[in-house]
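Copied over from Swiss-Prot, here are the features:
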type	residues	note
BINDING	17, 38, 43, 68, 82, 83, 104, 121, 122, 123, 146	NAD(+) binding site
BINDING	85, 91, 123, 124, 125, 126, 151, 152, 153, 154, 232	substrate binding site
ACT_SITE	178	active site, proton acceptor
MOD_RES	223	phosphotyrosine
């Protein structure tokens, strides 16, 4: 009888997001081996013991405090390390310091002989995903960012609450930057085939400006959480586990991720949030959604801002790249 494939994950960054992601992996029985890397070694040691204490009630898993060299035979390296977003800061404000942190991570991971898939969650995620691709020299299909996964989930939640349906039954996407320039695709977003925009028109009691209100609520949700409790981690930690499961289980699932543009939406040389198909080999297909003129303009504006910030940050930090 052939042995079952052992899935191994190396998590880099054991802060609020990283530890929540690790707990989600344990709770859902995702992967059989998890190594945790962080600049604070004792924290990873403590988390490894604490997380292992949860396994008797779920599924066996080898969990340990790891080094970068342990990535050599990993299937997935997940990067959540970076300076956290503070009250009043945008995700783009983090770019220079987190580019430098990222450079110190990617280089030793690549030097370890790692030949798997990078999944990036640190912010600004679109820029750091593109930077990981450039720093690593990896093929584009093996560097993926969490993109607008969390934003899309928030949108589905808000629409579900409004229409009194399960958020999992809401077909909706947020596209663009995981940040202030993201936008909902109202020309597509629907529940059971009925566009949300048409539903709002049929229910005037929700208000004629409801679509704009939903957009603002979703885009500002992170700021609201950060102002109240200091950081966001449950939503993104769970979203990361969901992406991980889709990759390791070869689900060929469509998810809103930060992926490379090669002419989609008229964009090039940038990673940005759009639906994409992922499986065990990483990125399988980038899906270009049909957008109306207003949405296309928003996508271009989002990409333009990302590109300007990214190019300036690469120049100012002088981080080493391979491509």
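Here the Cβ of each residue, glycine as well, is placed from N, Cα and C on the backbone.
Secondary structure at residue 232 (substrate binding site), as computed by DSSP, is coil. Under the DSSP three-state reduction, residue 151 (substrate binding site) is assigned to helix. Here the CA atom of residue 17 (NAD(+) binding site) lies 16 Å from the CA atom of residue 223 (phosphotyrosine).
Ranking the binding-site residues 17, 43, 82, 104, 146 by the distance of their Cα atoms from the Cα of residue 125 (substrate binding site) places 146 first. Its Cβ taken as reference, residue 85 (substrate binding site) is surrounded by 21 other Cβ atoms within 10 Å in the chains shown. Distance noted between the C-alpha atoms of residue 82 (NAD(+) binding site) and the residue listed as 'active site, proton acceptor' is 16 Å. Cβ packing within 10 Å was compared across the binding-site residues 82, 153, and the lowest neighbour count falls to 153.
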